[in-house]
Amino acid sequence: MDIEERIKLVLKKPTEEVLTVENLRHLFEIGAPLQHYIGFEISGYIHLGTGLMAGAKIADFQKAGIKTRVFLADWHSWINDKLGGDLETIQEVALKYFKVGMEKSIEVMGGKPEKVEFVLASEILEKGDYWQTVIDISKNVTLSRVLRSITIMGRKMGEAIDFAKLIYPMMQVADIFYQGVTIAHAGMDQRKAHVIAIEVAEKLRYHPIIHNGEKLKPVAVHHHLLLGLQEPPKWPIESEEEFKEIKAEMKMSKSKPYSAVFIHDSPEEIREKLRKAFCPAREVKYNPVLDWVEYLVFREEPTEFTIHRPAKYGGDVTYTTFEELKRDFAEGKLHPLDLKNAVAEYLIDLLEPIRKYFERHPEPLELMKSVQITR
Ligand SMILES: Nc1ncnc2c1ncn2[C@@H]1O[C@H](COP(=O)(O)OP(=O)(O)OP(=O)(O)O)[C@@H](O)[C@H]1O
Ligand SMILES: N[C@@H](Cc1ccc(O)cc1)C(=O)O
């Protein structure tokens, strides 16, 4: 596969941003080690955003010949008070639930889970000179910048926090260098950590990434944040500014279970969640159901997506691109209820292998029921 095709795979939906494409091309051209990673805190259930958006990109990276890694951020979850802030519970959930949930998510998105390396943060950070790397990075970042970057923990700027939470962003940057990551991947909400990594790359003394004597800058790949299904806090949204703010705040999140479809949800739960979803007729600017259609159903285009309707409402209709479907929706030719039903059935089909797996192996979900999900 030539370099341009590999770049196309990295840029493919749901990628929203690559920092930078030039640097990515450079990595391919010089034959640098292509080591990807995406990190996750360990807390509640895996949803479509965490499982399928990340899974889709992992599948693309594998096709582009990039080594993929999922980083189970147990220490970071402890710092961020997840699962009662109990490290042992966090590690048990990471290995017995999260790993298998991610493997299944990667598989339904066309990736090869057996080729993904799963690394528990404590495996690397309890040994060697990890903390030296953390200090090296910290010496190159101002306190005000660290304070601004706590949004990568799902915290609000200015929120009252304990001191350990200021170490977390520096650890997240160190994770990249310490593991020799050349392709750092996450959702858009994590970009602050990656921008710091790119900026400090050339200044580091401990664990810079070196190839043939050249200090490499990591490439950051950020995927789209799938919207949650809930109604926005303010409606209608008036300005472009307001729109941007609300979109970031409205991402699907495990701490807002009503906003999310989880990968193990039953068909009844999926139908019910979609029935209640925010999806005003003709609204194409802020519409979570359309957002899911754009990034899940039409990740590959053209794709045939059929919406079944009774003959009196126009009969079945098949779309091959998102733009066609969006146009009909905007013109009122496609009713929200018909769209919601079709999306629910699409997800029920897509998630069937995961549901079936958990029916045969209920232990991970039983473990999840027994833990206290604190954040
Ligand atoms: N809605 C989403 N769509 C796409 N990616 C997401 C979404 N939510 C989280 N991610 C990505 O998944 C990874 C893990 O995120 P995280 O553990 O914060 O998930 P979360 O469910 O949003 O948690 P929280 O409840 O703390 O908000 C990050 O790379 C993040 O950007
Ligand atoms: N900050 C990430 C989790 C993470 C932790 C450490 C990392 O190295 C990478 C990612 C999140 O909240 O989802």
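Just so it is clear, glycine is given a Cβ too, placed from its N, Cα and C backbone atoms.
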Listed range which Swiss-Prot flags as motif ''KMSKS' region', given the options 111-115, 211-215, 251-255: 251-255
Further binder of L-tyrosine named by Swiss-Prot next to Y168, Q172, D175, Q190, taken from the candidates Y37, Y319, Y346: Y37
Binding-site residues whose CB lies under 6 angstroms from ligand 1, from Y168, Q172, D175: none
Taking residues Y37, Y168, Q172, D175, Q190, which bind L-tyrosine in the record, the widest Cα spacing (Å, whole number): 17
DSSP helix/strand/coil residue counts for the motif ''KMSKS' region' (251-255): 0 helix, 1 strand, 4 coil
Those binding-site residues in Y37, Y168, Q172, D175, K254 whose CB falls under 6 A of ligand 2, listed in sequence order: Q172, D175
Nonlocal neighbours by CB distance (under 8 Å) for Q172 (L-tyrosine binding site), same chain, sequence gap 6 or more: G39, A73, H76, I152, Q190, A193
Distance, K254 (ATP binding site) to Y37 (L-tyrosine binding site) (CA atoms, angstrom): 21
